[in-house]
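What follows is a set of notes on a single structure, which appears directly below.
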Amino acid sequence: MARSTPFHLVDASPWPILSAMSGFLLLSSLCDFMHSSSYVGILVGAISTIIVTGFWWRDVSREACLGGFHNPPVQISLRMAMIWFICSEVLFFFGFFWTFFHASLGVVAETGYAWPPAGVLVLDPSSVPLLNTVLLLGSSITVTWSHNCLLMGNYMGAKNGLVFTIALGAVFTAVQYLEYCESGFSISDSAYGSVFFMATGFHGFHVLVGSAFLVVCLVRMVGGQLNASRHVGYECAVWYWHFVDTVWIYLYCLVYWWGSGFLG
């Protein structure tokens, strides 16, 4: 017997299994890269993940705009799903902070009973990291401006704010890459290097994901698919971007400043 429900029952889709496969390829290639230094698997995994995610977003957008399946109950469930996803991401980064404090507060002989470990040339938090902090804080302001413009029906302001946000995110990623290239230590240099590159590296990956999310929203906004009353996807993207900004503030204060010995 058919059972009525206010929720949209999606059709069979290949994207969940394909995204899982491409994600597994990306992560396994990342582990292999630490031993073989080969970028091939990472590039294939990243490209396949981007392609699959793009097609999946396309289908969800069609369901919302062309099919009209995203009624109020579905919108509430999407918002709740995003909230729980961000909560899981909080726990993900909490593990890195826990490891960092465990290593820094419980220094052992391997680190020379000092933190940062002897021989590790830490980065000056008042230089490039401070610039990246300004960039992300600026992007948080512009994305909030864009969201408020959309709520008020100012679509041109919403588009401009979103373009500025994406541009600031791109500059942040480029500066972060240059910081890695000029760093005086590597991921294999003690627990400090391992946690530093893992935490900031995964944050950089989240910036890329958030930037892609915002690009999709910009395309939908230009295509007239988002308005003041229907913009759940954009709202979730804004939440995610603020989460990324918040994580960076903690990384900057705890890892770059306190953990690097610049606070005494």
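Glycine too: its Cβ is placed from the backbone N, Cα and C atoms.
Now, the feature entries from TrEMBL:
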DOMAIN    3-260  domain 'Heme-copper oxidase subunit III family profile'
TRANSMEM  36-57  transmembrane segment
TRANSMEM  78-101  transmembrane segment
TRANSMEM  130-150  transmembrane segment
TRANSMEM  162-180  transmembrane segment
TRANSMEM  192-219  transmembrane segment
TRANSMEM  239-259  transmembrane segment
Of the stretches 36-57, 78-101, 162-180, 192-219, 239-259, which racks up the most C-beta pairs under 8 Å with the transmembrane segment (130-150)?
162-180
Which range out of 162-180, 192-219, 239-259 gives the transmembrane segment (36-57) the most CB pairs under 8 Å?
192-219
